[in-house]
Structure formats: C-alpha cells, structure tokens
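Novice: Starting off with a structure, shown below.
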Amino acid sequence: MAQIKLHDQRKPLELWKLIGRCTVSCISVLFSQLALSLVPRFFSASPLFIQLILSALVLLVVVGLGRCSKRLLGVSGSASAFVFFSILFLWAVYLAVLRPAVSCLMDIAFNGAITMLIIGLCSIMSSNPGLVTYGSSDELVESSVAEVEAHNRILEPSASVLCHECPTEGSVLGRRVRYCRICKGYIKGFDHHCPAFGNCIVAAKSQIVDRTRLETSLSGNLAISTMLFSIFQLLWQAVFMTWHIYCICFNIRTDEWINWEKYPEFQDVVHSQQGQSFNEMRFKNPYDKGILQNVKEFLGF
C-alpha cells in the first residue's frame, strides 16, 4: 500500500522576530500587572468582588491598547510568551513580597509547583502534538485527498469525494486528522490550537499577610493585583475545564464542534419536503457512543 506525503507547511520563526515578540510580550506583562496594581492602590476599601470587576475593566483597556499598538506600530506579542512571563512575574512577586510570611513547607510546595508548571509549559510548547506527514494512498484517494489538500487555510473537505456515512476506525476520518492553519500542519486527534501554549491541543486516549500594612506600599499593591490576576486565571480555567469535560462525555473536539459544517461526517442532510426548494443540514455526531462509553474510551478502558 503506497504512502503519500502530506505537505508540511510549517516554517520556523526567524530569531529576530522571536526576540521581538518575546520582548513585546514581556513589556505587555509588566504594563498589565502595573495597571492592575492601581486597583488596590485606589480602591483598597472596596470589596473583593468590586476589585475583580475593576480589574476586568483594566485588563480590557490594556488589551484594547495592545490591539491599537499592533495596528499603529505593526508589532505584536506572543500569547504563549505572555503566559510564560506572567508566571515569572507572579513568582517574582511571591519571592520578593509574600515569601517572608509563608511557612517553609508551603514555600517548598509553591516553588515546586511553579517549577513544574514552567517545565510543563515548555514541554507543551516544544512537543509534537501528533503531526501527520504520511497517509495511505488508498485512504487518501478514498477519503481525504480532497479533504486534506482542498483547504482554504483550514481543512475544507469535498462533499463530492467524501461519503456521509460514519467513518471507520482505520480511515483517515476515523483517525480524525485535521489541518491547523496556525501550525500549518495536519494533526491527528486535533482539538484546537491553543494560543496560550503556542501549540495544538489534541484529544488522546489513554499564615496571613497583614493587609493593612501591604496596601500602603507598591509591594502590597502588587501582591493584591497578582492575587486578582490569579483568580481570573482560575475562573477561565474552570470554564475551559467544564468545556473539555463536555467534549469528553460526548466524544467531540472543539474544532469539530465549531466547524462541523466543514466535515461531512457531522452533517445530517434532511431532504426538503414538497413545496420547499432547499435541503436542511443538521448536526450529528457519529463518534458519540454514549457518555459512559465515551469516558471509558478516553480513559483507555
């Protein structure tokens, strides 16, 4: 069975561009964190909920300024570098401000967690998420040449080549190979491209600080603002965790859920009745085998 090579369009980022984007991201982190420190500086007597709302507004303003700078100056940062420098900033604030008030055991645990977080982030950013470079000629001719090659920045399968039946386990559709327009590659099990990690996400089987004293200084403002920033991270991570639990339970990927009209196996064509001049296309999930079975397959049981 012949093998056909899928074109890998990924290009490494030039060094000067990489340094420039990292520099912009570092400046963005410092600017956003210092802007957040203004909230506890001027609204220290306000409840935490009010400070959260004000912090959200400040972040929106910072994001807006960042977009304007991108349009005017033509420079942009990297989301993954922004996450990396944000972690370093939080770590620096902890070491400079909060560490003296923390017990030795908690200090070891926190520093260990941050170290593992940085290692994990670097590992995700540099790992191969499942790049597919070769495919069976029979499979490609039967089900994916038009699907894989006839994309317009994202994969757009040809309905004339692909059948609307449920995909088999061994076929390219069964392996759910999708095209990532950011990485410019074909990824097996592609769920979505995560800007924060700078890589594709795939679905695979298998003692208290004295607040009164802190609020009167810049270090205290930074400690509170980084706490607010951390709460925001927990909130959006909870949202994403909920979404991915839903995807596991119903065996659906983010890209497939958003762009289901591009993938024929998710299309259920309802033929028009007499007097109607069009057919209705509805969503169907050929991979959904029930919540219990979907979870078992995800866990590898």
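Cβ atoms here come from the backbone N, Cα and C positions, even for glycine.
Annotations in TrEMBL come from automatic prediction, not curation.
Per TrEMBL, the features are:
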- 166-201: domain 'Palmitoyltransferase DHHC' (DOMAIN)
- 18-36: transmembrane segment (TRANSMEM)
- 48-65: transmembrane segment (TRANSMEM)
- 72-96: transmembrane segment (TRANSMEM)
- 108-126: transmembrane segment (TRANSMEM)
- 222-246: transmembrane segment (TRANSMEM)
Novice: Which range wins on Cβ pairs under 8 Å with the transmembrane segment (18-36): 72-96, 108-126, 222-246?
Specialist: 72-96
Novice: Do any residues of this chain, six or more beyond the ends of the transmembrane segment (72-96), have a C-beta under 8 angstroms from a C-beta of it, and if so which?
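Specialist: 20-22, 24-30, 33, 66, 110, 114, 117-118, 121, 125, 195-199, 219, 222-223, 226, 229-230.
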